[in-house]
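Visitor: Take a look at the following structure, please.
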Amino acid sequence: MGVRECPALLLLLSLLLPPLGLPALGAPPRLICDSRVLERYILEAREAENVTMGCAEGCSFGENVTVPDTKVNFYSWKRMEVEQQAVEVWQGLALLSEAILQGQALLANSSQPSETLRLHVDKAVSSLRSLTSLLRALGAQKEAISPPDAASAAPLRTFAVDTLCKLFRIYSNFLRGKLKLYTGEACRRGDR
């Protein structure tokens with residue numbers, strides 16, 4: 001018995017899945033366009049930043065971790081092609097994911113890592129994976145792979161951090177800045 005033969009079952013599933021927090025069948029893959037979704041990730045990043053602010057012991061990496069520069073020149077950003085914005089966001093997200101994973105490994109190798117720190121780093125790893133999936137559904141990866149003029153694309157600006165606090169500050173700033181600007185514009189365009 002297929003789905004076409006049982007429309008009542010399909011209707012029942014489409015009514016039950018959303019209240020459970022599961023995507024409904026045929027639901028558009030634009031979850032990131034719901035501002036509450038991105039705000040949840042931003043809130044988690046800020047919580048992690050706040051937890052690590054007062055941390056001295058166990059928060060230093062002992063080596064530098066490369067992160068994307070989160071500064072945004074709004075005039076330049078508005079004039080940038082959406083494909084170039086996607087490249088910056090995608091590269092920044094990849095670099096942040098790498099940095100958080102590196103931080104996770106360094107934390108695991110420390111003598112006595114705090115359970116709270118480990119929890120926030122693990123949450124960040126999970127959140128970055130989810131954000132990557134949400135951006136894929138929005139089409140950011142496709143835009144980032146084929147920018148109109150790849151030769152003229154400026155390299156991603158980066159710098160190094162040596163503490164969890166600085167890493168989480170960059171993570172929070174990236175989500176509130178470039179990622180939020182890009183998703184807002186991509187969702188407004190609505191041609192996905």
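All positions are counted from 1 along the displayed chain.
Each Cβ is built from the backbone N, Cα and C atoms, and glycine gets one as well.
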Visitor: Name the cysteine that pairs with Cys187 in a disulphide bond per Swiss-Prot, restricting the answer to Cys6, Cys33.
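Guide: In Swiss-Prot, Cys187 forms its recorded disulfide with Cys33.
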Visitor: According to Swiss-Prot, Cys55 takes part in a disulfide bond; indicate which of Cys6, Cys59 is its partner.
Guide: Cys59
Visitor: For Asn64 (N-linked glycosylation site), just give me the three-state DSSP call.
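Guide: The residue in question, Asn64 (N-linked glycosylation site), is strand (DSSP, three-state).
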